Amino acid sequence: MRNYKIFVALLLVVATVRYVNATWNLQNVHGANQGGGRNFPGGGHIPRPRNFYGRQNMLHRLNQVYGANNVPRQQQQQQQGNTAGGLREGFYSTTCPNVEEIVRDTVRKHYNNDPTLAAGILRLFFHDCFVRGCDASLLLDRTPSGELPEKLASANGFTLHGEVVIDATKSAVEAACPGIVSCADILSFATRDVAVLAGLQNFPMVAGRRDGTVSLASDVSVLPDPVSSVSTMAELFNKKGFSLAELVVLSGAHSVGGAHCFAFINRLYNTTDPSLDANMANELKNACPMKPPGSDNTKDAKVDFDPASPMMLDTSYYTQVLKGRGLLTSDHALMVDSRSRAIVSKLAADPENWKSQFSQALVKLSKLDVLVGTQGQIRQQCREVNI
């Protein structure tokens, strides 16, 4: 209604201007060739007050505000795709129009053979974005500096899963649009696609990220670890611009995938965590027998975060947490802390609301500290910096 009133008011102004212009044109017709007329005799330039809108200027102003079909410009921009910090939906619509289809088809093909890729790619995405921003620095095998890259940090290493799919997707995209699409955008698209395959409704993913050239294992310390308290995690997330509620929403990624024994062995031996569900404690001890100190963790068994539906993104994870069956110390902490427990309870009771919030949180995460414009580069291969 407000936009309609503004539009009507501007139309009245245009009508008035047209009347004045028409009057001036008639009164100046005899002096036109001499640069004047009865109103402004003798001068080649007709002086007009500052900020005066002639007919053309007024129509130009209307176009600035409303654009085509009398649709407000702001609404047109929203219809064309949201923008944020150089990122926007449909970023490759002219340069590589089929990129999202190529990514989706490649990811689906691999996912159909290995549904655990949903958890793997979601984790790649989070561990990439949370460290140096969404710049695909996690995917680098090495960097020109020769320093240890992110993927070799203890929080990553052999636990990473899904890099081969990103490599295959990058190859398919390069075959169609060489040198156009960044690895960071491919990882973001792939994350959206596995989330949809695992149970979410489809949602748009912005693009326009560029790839980083720096990757340092020492930077990975900013990631929350398996024994973090809610206060510790909340502080880390707050530094990245995320609220406690968003922390809890994103923790729902643990509705898929699992953890190796070494990530929760602290809850089982020497003293069993008294807050751990007794039946679950016995199940975990059977899956993860005590080992001598210094044993090879790469051979550890892997236990599902959510045994009820380990391949689906749903709120069963929150139900398990409320029952005292959170696998990691950090999972269980969400139930122990009263602030997060209230959020967990609400999400557990409203699955569709969580799915909507989770997809929104993924998009927000995808915008974290991105490289855009001329920053960074578009890697030819996701594992190597361009030379």
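Placed from the backbone N, Cα and C atoms, the Cβ positions cover glycine too.
Please treat TrEMBL annotations as automatic predictions, because they have not gone through curation.
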* The disulfide recorded in TrEMBL for CYS382 goes to which of CYS134, CYS177, CYS183? -> CYS183
* **CYS261: disulphide-linked cysteine among CYS177, CYS288 [source: TrEMBL]** => CYS288
* Asked: To which of the recorded positions VAL131, CYS288 does the lowest count of other Cβ atoms within 10 Å belong?
  -> CYS288
* Using the centroid of the Cβ atoms of ASP128, VAL131, GLY133, ASP135, SER137, GLU150 as reference, list every other same-chain residue with Cβ within 8 Å of it (recorded Ca(2+) 1 site), in sequence order. => HIS127, CYS129, PHE130, ARG132, CYS134, ALA136, LEU138, GLY212, SER215, ASP219
* What is the interatomic distance between the Cα atoms of CYS134 (disulfide bond) and GLU150 (Ca(2+) 1 binding site), given in whole Å? -> 13
* Asked: Hey, how far is ARG123 (site 'Transition state stabilizer') from ASP314 (Ca(2+) 2 binding site), Cα to Cα, in Å?
  -> 16
* Asked: Tell me, how many other CB atoms lie within 10 A of the CB of CYS382 (disulfide bond), whichever protein chain they belong to?
  -> 22
